[in-house]
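A.B. asks: Below is one structure. I have some questions about it.
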């Protein structure tokens, strides 16, 4: 989708002759550096999504430290999760202009800064700005490029590649929960956040691994600049030689005057060459600045035009009804998955299951099974006889059933079984980029997926505070699970209805044409 050449999976020649030359796929697609992209995306999911899934540990520390209501305190983690996803469409604009690599590196710095500044928080509202907004924007600037790059580097087995990379969320939730718990016990939550900020700087390394697919344009451009500078130097020297000849400096003179004359001529020639070189260097430097500014202006204008047309133009993504239904589903789906992670520690304490949960936390069960769910669902979806859309819907039905039945479970074993099913069925997250690509095509994948994760972000932003607000009123989380589960079911119904409507419309048109 992006106009930036560094993010396009094919090598292009001269812009004016793109249509006349055959497009050759890059050799790194589906192999080679593509697996390094999967590794980079895997580490991004560990450091970003895994850390956010472990925020239940810090949420309990913040409740004790600041003595605020659960609803207000839950806004910190909700802001971080929500903004990470909500900024998706705007990060798409950054990628169109700067490319995935630069966007991810800048995002890694912002994310680390948010964690470190949060270590000095004096109240919950301070955390809103540092952790919720700053770290959230930084996370979004790394997360979207990580997903998009995997989609660009893979054409075959896309579901498996996305599944392997997004398993980092499960690994991260398991590892970061244990790490943050250990750091909070040993060093306190403030030092834990400072250390986590230092660890988050590794996101810059992950961004550096997001190598652009095409380098031939850059190499050829450098070669042209180098050859131009060499040609200019040659012209300067030839001009100097012609000047010498035209002045008659090399004419025959008496031997006594020849040495002095030659010295004067050489001095004048050196002055001429230095003057010409300095003028040519200044001219070349000015031309390079002018060229860079003009290229940057064109890139920004093209990127913004493509970004704007994708959302608001005649070929807007919103003209696709199934895609609109997919957005409505995303508005309700993500909160149903996030709420258990945020509030499970409190549910465990409410049912006096802390001793058993300390041995093997329920959030860790979700995280571990979540890993296998993503890989297994990805493998199943890549089978030629299986529809990715059907696998996606079945996983959603399983997850919403588990969300609705979770409040009914009051023993550790029953909660563990439901959590395991939640972890496995939530593996459908690895299928979201694949389903999005099937709906809108590869060309529109980045901007379309940006809209989807933006809808997920809105869901994550308001879901946990809503659950906390319900708890403050009823002192139970039951109603928050029931309401979020029912809204989730509404989103699934939209996914079921719209494809049926689209299938009927062509049949109705063909019937009308036959009658005419």
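Using N, Cα and C of the backbone, Cβ positions are placed for all residues, glycine too.
According to TrEMBL, the record shows the following:
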type	residues	note
TRANSMEM	33-55	transmembrane segment
DOMAIN	37-503	domain 'Major facilitator superfamily (MFS) profile'
TRANSMEM	75-96	transmembrane segment
TRANSMEM	103-121	transmembrane segment
TRANSMEM	127-148	transmembrane segment
TRANSMEM	160-180	transmembrane segment
TRANSMEM	192-210	transmembrane segment
TRANSMEM	322-344	transmembrane segment
TRANSMEM	359-377	transmembrane segment
TRANSMEM	389-406	transmembrane segment
TRANSMEM	412-435	transmembrane segment
TRANSMEM	447-467	transmembrane segment
TRANSMEM	479-497	transmembrane segment
A.B. asks: Same chain, outside the transmembrane segment (127-148) by at least 6, Cβ under 8 Å from its Cβ: which residues?
C.D. replies: 7, 40-41, 44-45, 48-49, 52, 62, 75-76, 78-88, 91-92, 94-95, 100-101, 103-104, 106-115, 117-118, 121, 162, 165, 193, 203, 206-207, 210, 433, 445-446, 449-450, 453
A.B. asks: Quick test of the contact rule: Cβ under 8 Å, at least six residues beyond the ends. What residues does that give for the transmembrane segment (322-344)?
C.D. replies: 53, 55-56, 59, 74, 77-78, 81, 85, 173, 362-363, 366, 396, 399-400, 403, 406, 419, 422, 426, 435-436, 439-440, 448, 451-453, 455-460, 462-464, 466-468, 471, 477, 480-481, 484-485, 487-488, 490-492, 494-495, 497-499, 502
A.B. asks: If I take every residue in the domain 'Major facilitator superfamily (MFS) profile' (37-503) and average their pLDDT values, what number comes out?
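C.D. replies: When the pLDDT values over the domain 'Major facilitator superfamily (MFS) profile' (37-503) are averaged, the result is 77.
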A.B. asks: Between the transmembrane segment (75-96) and the transmembrane segment (479-497), are there at least three Cβ pairs closer than 8 Å, leaving out pairs fewer than 6 positions apart?
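C.D. replies: The answer is no, given that the two segments have fewer than 3 Cβ pairs within the 8 Å cut-off.
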A.B. asks: Short question: most Cβ pairs under 8 Å with the transmembrane segment (447-467), which of 160-180, 192-210, 479-497?
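C.D. replies: Top-ranked stretch among 160-180, 192-210, 479-497: 479-497.
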A.B. asks: State, in range form, which of 33-55, 160-180, 389-406 has the highest count of Cβ pairs under 8 Å to the transmembrane segment (412-435).
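C.D. replies: Per the Cβ count, the answer is 389-406.
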A.B. asks: List, by number or range, the same-chain residues at least 6 past the transmembrane segment (389-406) whose CB is under 8 A from its CB atoms?
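C.D. replies: That would be 329, 333, 336-337, 339-340, 373, 377, 380-381, 415, 418, 421-422, 424-428, 431-432, 435, 438, 481-482, 484-486, 488-489, 492, 495-496, 499.
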A.B. asks: What same-chain residues lie close to the transmembrane segment (160-180): Cβ under 8 Å, and 6 or more beyond its ends?
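C.D. replies: Residues 34, 38, 41-51, 53-54, 56-58, 146-147, 150-151, 153-154, 192, 196, 341, 361, 363-364, 366-371, 373-375, 377-379, 382, 423, 427, 429-431, 433-434 contact the transmembrane segment (160-180) from elsewhere in the chain.
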